[in-house]
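Now, the feature entries from TrEMBL:
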type	residues	note
DOMAIN	B:4-78	domain 'Glycine transporter'
DOMAIN	B:90-163	domain 'Glycine transporter'
TRANSMEM	B:6-22	transmembrane segment
TRANSMEM	B:29-49	transmembrane segment
TRANSMEM	B:61-77	transmembrane segment
TRANSMEM	B:89-109	transmembrane segment
TRANSMEM	B:115-135	transmembrane segment
TRANSMEM	B:147-165	transmembrane segment
TRANSMEM	B:171-192	transmembrane segment
Amino acid sequence: MFSLLDIIGTMAFAMSGALTAMNKRLDPFGVFIIAFVTAVGGGTVRDVLIGRTPVGWMLDLKYVYVIILGFILSVIFRKKFDKLRTSLFLFDTIGLGVFTLIGLERGIITGLHPIICIALGTMTACFGGVTRDILCNEIPVIFRREIYATICILGGIVFFALKKLNLNDDILYLVTCVVIILVRLMAVKYKWYLPALEHKR
Amino acid sequence: MFSLLDIIGTMAFAMSGALTAMNKRLDPFGVFIIAFVTAVGGGTVRDVLIGRTPVGWMLDLKYVYVIILGFILSVIFRKKFDKLRTSLFLFDTIGLGVFTLIGLERGIITGLHPIICIALGTMTACFGGVTRDILCNEIPVIFRREIYATICILGGIVFFALKKLNLNDDILYLVTCVVIILVRLMAVKYKWYLPALEHKR
Amino acid sequence: MFSLLDIIGTMAFAMSGALTAMNKRLDPFGVFIIAFVTAVGGGTVRDVLIGRTPVGWMLDLKYVYVIILGFILSVIFRKKFDKLRTSLFLFDTIGLGVFTLIGLERGIITGLHPIICIALGTMTACFGGVTRDILCNEIPVIFRREIYATICILGGIVFFALKKLNLNDDILYLVTCVVIILVRLMAVKYKWYLPALEHKR
């Protein structure tokens, strides 16, 4: 099931990348690359920083196929994205939860400190979107408006707090994932956001 | 001969980087860095992703010297770039073919799937230019106008199709390289391009 | 003492990142990430390129704590940055010297050619700022106005010139660091800069 969620998340991220790229009027190759980078960018940066190479998607082609499918669906249904907005948002939120967990797990396997594991979880979930925005010549959206990365950090803290209780691993993963997804849904519904920090009056 | 073409490609890429940077009115250090990154960026990203470190140009100083030379030539002849346009375009096209082959070869040596090898070939040929455009604060040109990366992908497909025929390696490399160069020349001559994908009416 | 200077440099770089991000009106998470990336970005790129992974800050949490502290101080004192400008500039200059030395040392330990060591020193000192500017959607400032990277290169040349004299290591490090710091102070005081290279009249 975890693996299915991983695929849903990858596809949602790929489609969010394709959508942004089509908004910028890129050509099909550009759209595909942005979709690809949005989907695997976070995990790729994580793998490179911890020295797990060749990076994940080079060894498990499942991701490549899912992204190709997400790209094709995005192109076909590009006129209907408005109607799909809610589903896409839900999938993206699932991706947020699952990718954070994958990053946390990878950090633990590598034997890193919990703070670094939380950084890796956040990176896995968020850096694909950051790379997408840089390639599209925008200041990354997660630095400006949305509570997004903050939710991943919160999820990581919940994860390690629950881990201290010696919970069963399945429950630990499920609860963390559900917390991330619920907080994201509430953050969007109730328009929670972090205020901009200004230093000039 | 392959090695000579590699040097020609590296120099062409360095000069294309220097030219872009001078257009942006950067200072000499900025121009040099952009030239460097354009020339070795693709191979560097490839090496980092497959875990081949220290990356290539750190172990083989040939590239550093060629880039320094390309930088100096670009600065000296900067007023005459218009007249050199055709030669530069030819060199750049040679670079496209050779760098794609080097990436393909590196993927095969690392034991990766043909799809990933084609991705590595395309990356080696194209990501230097992508990095150049990001550093110069532009949406990468290969995502917008030119059929460029698509030709590398095509070259990769030709390569693996011919490889199935058990051709001699030299012929395999030569044909792939010639296909990439010819298609690029025709694409520019006949103004082939990929249409932008729009998703709003 | 070297270690103390390292911490001062890290904090100065983190604060320079936070300042830039607040100028762009980013939210607290965005400000923190830019502070983090500015402080450790140079060393991270260096470590990834030479294959020293997991990268430095993942194994030595000291840097994480210093950056968190720098971030908090930046937020608290954000209205008083103008008055702190001189101190911040001094700290940043210390960082420039120390980070260059750390990069040079790392290159020597990895057994690389002096030219590559100088590149690594320059990268360690400068690429945090480059990444900061890219994330904030600006052409990196060191490519445009300031003599900054050029001073690191000069420092590297001085380092290897002195090394030939078989000086004591402590003296070698001290002199290189002082040269970098002094030249930077003079460059700013006397407004030394590299002219933009133009190729159109």
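From the backbone N, Cα and C atoms, a Cβ is placed for every residue, glycine too.
A quick note: this is a predicted structure, and the numbers were derived from the prediction, not measured.
When each of the listed stretches B:61-77, B:89-109, B:115-135, B:171-192 is scored by C-beta pairs under 8 angstroms to the transmembrane segment (B:29-49), B:115-135 comes out highest. The list of residues near the transmembrane segment (B:6-22) in space but at least 6 beyond its ends in sequence, with Cβ under 8 angstroms from a Cβ of it, reads 30-40, 62-63, 66-67, 69-71, 73-75, 78, 81, 88, 91-92, 94-99, 102, 128-129, 132-133, 136. In the predicted model, residues of the domain 'Glycine transporter' (B:90-163) average a pLDDT of 90. Within the chain carrying the transmembrane segment (B:147-165), a Cβ under 8 angstroms from the stretch's Cβ atoms is held by residues 96-97, 100-101, 104, 114, 117-118, 121-122, 125-126, 129, 171-172, 175-177, 179-180, 183-184, 187, 192-194, all 6 or more beyond its ends. Within its own chain, the transmembrane segment (B:115-135) is flanked in space by residues 13, 16-17, 20-21, 33-34, 37-43, 45-46, 49-50, 95-96, 99-104, 106-108, 141-143, 148-149, 152-153, 155-157, 159-160, which lie at least six positions past its ends and keep a Cβ under 8 Å from the stretch.
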